[in-house]
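Annotations per TrEMBL:
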TRANSMEM  16-35  transmembrane segment
DOMAIN    20-306  domain 'Sugar phosphate transporter'
TRANSMEM  47-72  transmembrane segment
TRANSMEM  84-102  transmembrane segment
TRANSMEM  108-130  transmembrane segment
TRANSMEM  165-189  transmembrane segment
TRANSMEM  201-219  transmembrane segment
TRANSMEM  231-255  transmembrane segment
TRANSMEM  262-283  transmembrane segment
TRANSMEM  289-306  transmembrane segment
REGION    321-349  region 'Disordered'
Amino acid sequence: MGKGGALSESVLKKILLSYTYVGIWIFLSFTVIVYNKYILDKKMYNWPFPISLTMIHMGFCSSIAFCLVRVFRLVEPVSMSRDLYLSSVVPIGALYSLSLWLSNSAYIYLSVSFIQMLKALMPVAVYSIGVLFKKDSFKSDTMANMLSISVGVAIAAYGEARFDSWGVFLQLGAVAFEATRLVMIQILLTSKGITLNPITSLYYVAPCCFVFLLVPWIFVELPVLRESSSFHFDFVIFGTNSLCAFALNLAVFLLVGKTSALTMNVAGVVKDWLLIAFSWSVIKDTVTPLNLFGYALAFLGVAYYNHSKLQALKAKETQKKAAQADEEAGRLLEEREGDGMGKKSESQD
């Protein structure tokens, strides 16, 4: 009874901790998205400078990561040569900077709810680019599933009340660059045995992003910022916004490290529905029945995709355990045969 009670208490504690990590991630992800929308939207804070906002985030995250790695030495840096940095981290940093720039730009033109619906195309982009770079194998049933997600998003787009072609182009571009970045991480880092946690990732990638964004910022936003002499940098707004962005990176590490990537995907779906509800009820964005129908169709496709991935991972894990068991049984059999041969030679002597 005592052991059962202790076991139940231990399991309950793990479940509560998992829900806590999920709750923290949903809250921070929700906050960063709404906060960015508030800053960039012309009807709200009215500071439509997405490159500048992204550079503030990258500068803040670079500074904190540098302090944690080099000053306080709370996190160990990864052993990385200059050639490896230039060939692996720099391309990933370039893709990340483009993804952040375009996704933040989309908030100026599109509603929060519609952006979440367009983000449902991420599995489609990741799978397609994975097949293109031969990191995933082409399967007709998976491609049919990707097609169902795309149809759902297309229906949601058709039913969008505030449809803006440029905004959709920006968000789709952001999805494409982010999907390419995720595949490139597998090709350029994971395949070489290099794993980066959120702190070391920011330590290496954030400064790279800042430098890449500096070029378009000089030509696109700096001249406009110089003309708007009425603007005064609000340290409270941009400081808390950057702090939330940094905390979100830590929350991702906690969520994936303490639960699983699949849990994060499921939590992401919950977050998307919450954002759609918030966008409709608080920001007063128009959400049409066709929007919801299309997104529900896409959501079912994404859910099935995640389920298929989970089943594939379980099957792979089962095969791995079976192979290990066979190897162990073979080793024991060899040992027994060796012992038998030894005893036989002793009896002949």
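The backbone N, Cα and C atoms fix where each Cβ goes, and this holds for glycine too.
Nobody curates TrEMBL annotations by hand; they come from automatic prediction.
Since the structure is predicted, the reported quantities are computational estimates derived from the model, not experimental observations.
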Report, as numbers and ranges, every residue of the chain located at least six residues beyond the transmembrane segment (47-72) whose Cβ falls under 8 Å of a Cβ in that stretch; write 'none' if there are none.
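Residues packing against the transmembrane segment (47-72) from afar: 36, 39-41, 97, 100-101, 104-105, 107-108, 199-200, 202-203, 206-207, 209-210, 213-214, 216-217, 220-221, 224-225, 231, 238-239, 241-243, 245-246, 249.
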What is the average pLDDT across the domain 'Sugar phosphate transporter' (20-306)?
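Mean pLDDT across the domain 'Sugar phosphate transporter' (20-306) comes out at 91.
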Test the contact criterion for the transmembrane segment (165-189) and the transmembrane segment (289-306): 3 or more CB pairs under 8 Å, pairs 6 or more apart in sequence, then answer yes or no.
no
